[in-house]
Protein chains: 2
Amino acid sequence: MATGRNHRPATTRSRGIPEATVARLPLYLRALTALSERSVPTVSSEELAAAAGVNSAKLRKDFSYLGSYGTRGVGYDVEYLVYQISRELGLTQDWPVVIVGIGNLGAALANYGGFASRGFRVAALIDADPSLTGRSVAGIDVKHTDQLEQIVDESGVSIGVIATPAGSAQQVCDRLVAAGITSILNFAPTVLSVPEGVDVRKVDLSIELQILAFHEQRKAGEEAPEEETAPPAVPPAAAVSKRPEPGSDGDRPAVMPA
Amino acid sequence: MATGRNHRPATTRSRGIPEATVARLPLYLRALTALSERSVPTVSSEELAAAAGVNSAKLRKDFSYLGSYGTRGVGYDVEYLVYQISRELGLTQDWPVVIVGIGNLGAALANYGGFASRGFRVAALIDADPSLTGRSVAGIDVKHTDQLEQIVDESGVSIGVIATPAGSAQQVCDRLVAAGITSILNFAPTVLSVPEGVDVRKVDLSIELQILAFHEQRKAGEEAPEEETAPPAVPPAAAVSKRPEPGSDGDRPAVMPA
DNA sequence: GAATGTGAAAAGATTCACAGCA
DNA sequence: TGCTGTGAATCTTTTCACATTC
């Protein structure tokens, strides 16, 4: 099942910069942008780290992968660092983005103010529902799925956002990839199979909540120690079947679909 | 700046289960639920791993932290594993959730189908805009922020979702925490300060896109090797100031706010 | 024979702690 | 003196490979 072709190499250390560091650069950038707007000229690793919510040693190590952009005894020049990180992230160029699936979430994304700044531009909105076609969301006309290939081709987008129901996600993904898209942000709660060379990042609300629930449960358990520690006794034979409701779903979209 | 009080201990290995493993459990659960619905009785680590998009060694190691729920030579009993993982994640109980900030995103979340299953229940919607108060979103009445404390108290929620603009996020967070909430899912693009014992997870669309852009840029660079490798020459003095538009924003909400 | 469970090795990420520079 | 930049130590996560069990 599942053509299991993704699996990010993990060891991708894209050009020497560790993935973990890349994932934090946007965080630093955000903090720096805020400082920049307040016209703060320089910032120390300690201050910036606090603003970004990491510790200073980590931040300095992260920056060391980019080069030596600080000044000992002084700190970092805010504007300079904003530029360097932006450049490293590729934000000095324009990134047209196409959003597929204009349901509640898709519409929310289309309206997302943070898109415009940072170099991302919503080039097109696409949905399979004909009744949406022609409508305008966030000032952008919604196009029908039929035109997907044409749109991707003409607008030269390389990043696609999938906000469709889980059931359509792989299909949409395949078409986006076939049309030439090489980066996908997936909001549908499903594992996407993509050929080598295509990047997929996923955002799944349900998963985040489940992780929170895990920790929350633990907290509760600490207060009132031992309560449900009854070790699972039933062996894989007449499999336990607690928590029924199998009729729920299990393959639902990240958010109300198109 | 920022009362920097969060910073998850990282070494949290909550009760022996590594964080990395906890983060994958929901993924396994989703794959297993799908199998369960197709009435597949057992599954091998290889198959399940493919369905979840990880490799089988990792999956087996992950499961080994939960206990020995498989059968050598056979695989895992789907129903049994669904139950065990659900229990481990705390999904066998009901988790009332409150969503604060009913803008585009908040509404999308309220409508999220995946909430209901998995044990999460939207107990209340809260917004600061009086014109929204009383309206019904996803069949739930929107309450005014004034009632936040009362609502949290009465409905006994322990998980709060913040979907407000960045500017209000910390304030809302403080009130939620003061009201007794100990787990927060933050969609606002800002670092939240919370006291010890409160868990925060963040989802930031803009960050995901920036990470994609980083890799996308790299790909482009590989095709046409060397092009903008001109090493940053300007030293932190008359700081470079490329990519103007400083008038954009930089502290915007994850998605159009309330 | 087939597939789990797990020690041990390898790879990555974080933190320490301090030399070195402004 | 103050703060960066970075080797070295530590901790975490992933992967390997195989003994063990059904």
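In case you wondered, yes, glycine gets a Cβ from its N, Cα and C as well.
Going by TrEMBL, these are the annotated features:
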DNA_BIND  A:27-66  DNA-binding region
BINDING   A:GLY101, A:ILE102, A:GLY103, A:ASN104, A:LEU105, A:GLY106  NAD(+) binding site
DOMAIN    A:90-191  domain 'CoA-binding'
REGION    A:218-258  region 'Disordered'
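Remote same-chain residues near the DNA-binding region (A:27-66) are listed as 16-18, 21, 74-79, 81-82, 84-86, 88-89, 91 (criterion: CB distance under 8 Å, separation of at least six residues from the stretch ends). Broken down by DSSP into helix, strand and coil, the DNA-binding region (A:27-66) contains 30 helix, 2 strand, 8 coil. Averaged over the domain 'CoA-binding' (A:90-191), the predicted model reaches a pLDDT of 95. When the binding-site residues A:ILE102, A:LEU105 are compared by the number of other CB atoms within 10 angstroms of each CB, A:ILE102 has the fewest. Look at the binding-site residues A:GLY101, A:GLY103, A:GLY106 and count other Cβ atoms within 10 Å of each Cβ; A:GLY103 has the fewest.
A:ASN104 (NAD(+) binding site) is surrounded by 24 other CB atoms, counting those within 10 A of its CB over all protein chains shown. Across the domain 'CoA-binding' (A:90-191), DSSP assigns 39 helix, 29 strand, 34 coil.
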